[in-house]
Amino acid sequence: FLFSLVLGIFTVALIGNTVMVLLIYLDSQLHTPMYFLLSQLSLMDLMLICTTVPRMVFNYLSGRKSISLAGCGAQIFFYMSLVGVECFLLAVMAYDRYVAICHPLRYTILMNQKLCVLMTVASWILGSLDDIIVLVAALSFSFCSSLEIHFFCDVAALFPLSCTETSAFERLLFICCVVMLILPVSVIIIFYSHVLRSVILMNSKESRHKAFTTCSSHLSVVGLYYGAVMFMYMRPASNHTPEQDKIVSAFYTILTPMLNPLIYSLHNKEVSRGLKKLLTK
């Protein structure tokens, strides 16, 4: 049952995010900064779910229940990098919505294509650098002879497996989480406080409805993603339990990549229109 459930979720996430990327690339009316950032989010979700699920499915079908240290390190690198990049990208998307709603007449200047690409590249670089620091520190641990992790290699799962003192690494991980999580969340809160103020002051009900619809999709994704990641990485290692880690890890590595394209496609008329147009062709 669990195998079928995970495989079904993986298939929906794979198809949904692939369709979003292709749709935004093929439909010229979606060639705007907002949809470019959305295509990057779908690409990250696609890569994130492909980092963990295929290996898990292979292990289940083959009966193998082991992974090399190099394989574990590679999985941690791609997984943590994508988590970090997505955190920064969600902050960039909040800035895009802030400019579109609070400064609509200056949108093409404040959110031009060059700046959009530059901020996206910066998100990829910052997310990867943050992960490299964590990965180097994590792989310097001395591990006991008998190791057991849940369905994929994760930094949080390595804490109880280490034979060495991890308190210094926990402080390092907390600092990296502050940069990777708290900083983008603070930026998102600041931008959306301005957005909320502007929406309340709008005279037209139609304009308010359109603004709320546009922002609700992004806020839904932010709430789902940051809530799970913060619960996972901002707690002390002594508070971690295998059961909680399994559930939370599965939520933001498997369920969230599936939910993101559904949330945006259901809440966004332009995406729905583009999808119907593409299917008709």
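Residue 1 is the first one shown; counting continues down the chain.
Backbone N, Cα and C define each Cβ position, glycine as well.
All annotation found in TrEMBL is predicted automatically rather than curated by experts.
According to TrEMBL, the domain 'G-protein coupled receptors family 1 profile' annotation covers 16-264.
Away from its own ends, the transmembrane segment (6-26) comes close to residues 35-36, 38-39, 42-43, 45-46, 49-50, 53, 56-57, 254-255, 257-258, 260-262, 264-265, 271, 274-275, 278 of its chain (Cβ-Cβ under 8 Å, at least six residues beyond either end). If you look up TrEMBL, you'll see 6-26 (among others) marked as transmembrane segment.
Sequence-distant contacts of the transmembrane segment (35-56) (same chain, six or more residues past either end, CB-CB distance under 8 Å): 6, 10, 13-14, 16-18, 20-21, 24-25, 67, 75, 78-79, 82-83, 85-86, 89-90, 92-93, 96, 113, 116-117, 120, 151-152, 221, 253-254, 256-258, 260-261, 264, 270-271. The transmembrane segment feature in TrEMBL is assigned to 35-56 (among others).
What TrEMBL lists as transmembrane segment is 76-95 (among others).
Long-range contacts of the transmembrane segment (107-126) within the same chain: residues 33, 36-37, 40, 84-85, 88-89, 92, 95-96, 99-100, each at least 6 residues beyond the stretch ends and with a Cβ under 8 Å from a Cβ of the stretch. Marked as transmembrane segment by TrEMBL: 107-126 (among others).
Taken from TrEMBL, the feature transmembrane segment covers 172-191 (among others).
Counting same-chain residues at least six beyond the ends of the transmembrane segment (211-234), those with a Cβ under 8 angstroms from any Cβ of the stretch are 41, 83, 86-87, 90, 93-94, 97, 100-101, 155-156, 173-174, 177, 181, 185, 188, 192, 195, 198-199, 202, 245, 248-249, 251-252, 256, 259-260, 263-264, 267-268. Residues annotated as transmembrane segment in TrEMBL: 211-234 (among others).
If you look up TrEMBL, you'll see 246-266 (among others) marked as transmembrane segment.
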